[in-house]
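The following features are taken from TrEMBL:
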- 1-24: signal peptide (SIGNAL)
- H413: active site (ACT_SITE)
- D465: active site (ACT_SITE)
- E474: active site (ACT_SITE)
- 530-610: domain 'Carbohydrate binding' (DOMAIN)
Amino acid sequence: MEKRCALFSMAPLFLFLCLPFAFAGHDYGQALSKSILFFEAQRSGYLPHDQRVTWRANSGLNDGKTSGVDLVGGYYDAGDNVKFGLPMAFTITMMSWSIIEYGKQMAASGELGHAMAAVKWGTDYLIKAHPEPYVLYGEVGDGNSDHYCWQRPEDMTTDRRAYRIDPSNPGSDLAGETAAAMAAASIVFRRSNPAYANELLAHAHQLFDFADKYRGKYDSSITVAQKYYRSISGYNDELLWAAAWLYHATNNQYYLSYLGNNGDSMGGTGWSMTEFGWDVKYAGVQTLVAKFLMQGKAGHYAPVFERYQQKAEYFMCSCLGKGARNVQKTPGGLIFRQRWNNLQFVSSASFLATVYSDYLASSGRSMKCASGNVAPSELLSFAKSQVDYILGDNPRATSYMVGYGNNYPRQVHHRASSIVSIKVDPTFVSCRGGYATWYSKKASDPNVLTGAIVGGPDAYDNFADERDNYEQTEPATYNNAPIVGILARLNGGHGGYNQLLPVVIPAPNQQKPAPQPKITPAPASTSVPVSIEQKVTTSWIAKGKTYYRYSTIVSNKSAKTLTDLKLTISKLYGPIWGLNKSGDSYAFPSWLNTLPAGKSLEFVYIHSASAADISVSSYTLA
């Protein structure tokens with residue numbers, strides 16, 4: 001649970017002292033697995049049959065009942081039992097972004113299914129929390145009564161009141177971040193669960209409209225959040241963030257125009273940032289918009305998007321210590337923003353550096369900082385150095401990921417892990433009794449909170465492994481979500497992926513294979529009745545722009561006749577021949593009613609971009 005210092009306060013510049021560390025390499029695959037497992041320990045609600053953190057049980061089963069709404073599920077944010085909407089939504093956005101960029105690497109290590117399950121646990125709850133277009137529930141429980149008690153989630157006796165925003169009590173930051181989470185997650189599920197992806201997008205559109213139309217800070221409406229998750233940055237960053245993710249998910253020009261028309265007035269092109277996290281999204285917006293620019297999507301907004309990119313690179317340079325104003329670092333080289341849960345800023349900044357490194361590499365360019373040019377590899381090396389520090393390459397040789405390595409925090413500030421599992425001892429733990437019996441116990445937690453990234457060391461690399469040292473020993477979901485992507489990238493390598501091409505997330509495989517040499521994920525099964533193959537047949541240059549002709553072959557792989565075929569086509573920017581437009585879908589051309597077994601249909605289209613996204617939305621086999 002978070003308390004906040006003043007935003008944009010600039011710490012003095014500390015010189016980075018290169019200490020003569022000598023550490024063995026890290027097992028990023030193991031760290032990736034553990035970092036995702038942590039989310040299962042944070043689950044609220046009815047736990048599924050495949051729950052792997054077995055010391056947890058069902059909890060919060062009446063959440064929302066007094067408000068007449070089902071709010072069972074979702075995540076506890078940190079070491080407490082409150083469900084805070086703003087950091088939960090940011091967690092889902094960042095976990096989704098991790099999968100969007102590095103899902104192929106996760107699939108290769110067998111962790112993609114677990115990562116997608118972690119996202120869906122959050123989005124299932126966010127859907128419940130948005131029962132009407134202009135109503136969003138943003139908190140269940142309150143921090144004051146919760147902090148008075150030290151109880152397992154399974155024993156909670158605290159007030160579980162639900163708090164909401166609506167047109168009379170707006171919250172543009174909360175609604176905007178939730179829209180961003182829904183939009184980003186829709187990309188994750190676009191291929192494996194298109195109906196669910198469409199449901200998420202419908203919520204995202206409504207929430208963005210709600211956030212933009214009824215403007216206000218959410219903590220002015222949900223005042224119980226002020227002490228823990230105050231929105232100090234306001235809501236302009238979340239409106240831009242939501243627009244960026246909705247554009248990424250839909251390619252709808254409305255959202256591109258929103259970014260272009262509002263970039264200057266809402267601070268997207270104005271704020272020079274040195275932090276990124278659940279409250280302050282500007283650096284994330286700037287990084288995403290820079291991606292759109294490098295993809296060639298900016299159109300006549302290119303001058304505005306270039307200003308976004310300049311601010312994104314300002315952030316990157318400051319992290320590297322090569323900018324006009326650099327972030328503070330500890331003597332051991334760790335980014336230091338604040339004493340309370342500092343590692344949230346480390347993981348978030350390192351994620352932006354990782355993806356921006358790959359964007360630059362994919363576009364074949366470098367970055368210019370105040371102290372000179374920076375190659376993409378230097379950004380990735382910086383991110384790796386921060387992750388390695390977290391995993392144990394630091395002056396204390398302490399891993400700040402619980403359960404990783406030999407020397408990690410044993411007295412985590414976390415109610416569930418610090419109290420014996422209800423499955424081991426079902427004796428009720430009372431509100432104050434938990435403090436007397438468990439909180440004050442100077443012993444290791446009875447349950448290992450595997451994968452949790454705690455708050456971390458102070459400005460001088462010092463750390464005290466004590467349960468009451470909540471500033472350093474409390475974990476949080478938003479510490480882990482960004483590092484999942486970095487660990488997947490470090491474990492799986494680049495793999496030759498072009499980070500500027502359309503996202504293709506492979507089918508998840510829940511079973512983690514035995515360690516083997518990395519191989520490319522196998523293509524989809526040939527038992528699928530309809531296959532789609534695309535290829536470029538020619539290209540040419542006109543007025544300085546390269547155009548491509550794409551041939552698409554749709555084949556009936558079944559033993560029956562195919563009728564009533566409907567295709568969904570997105571990211572199409574030019575003319576198409578050989579199909580009929582039917583509402584939002586494409587169907588057989590007028591001269592063709594059926595496709596016999598084993599036969600194929602070809603259609604073509606021309607545009608100046610990567611191949612369109614084409615999928616089968618429905619069909620009949622007769």
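We number each residue from 1, going along the chain as drawn.
Cβ coordinates are placed from backbone N, Cα and C, and glycine is handled just like the others.
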Active-site residues: D465, E474 - member with fewest neighbouring CB atoms within 10 Å:
D465
Cα-Cα separation of E474 (active site) and H413 (active site), in Å?
5
Residue counts (helix, strand, coil, in that order) that DSSP gives for the domain 'Carbohydrate binding' (530-610):
0 helix, 52 strand, 29 coil
What Cα-Cα separation, expressed in whole Å, is found between D465 (active site) and H413 (active site)?
9
Other than its own, how many Cβ atoms are within 10 Å of the Cβ belonging to H413 (active site)?
25
Over the domain 'Carbohydrate binding' (530-610), what is the model's average pLDDT?
82
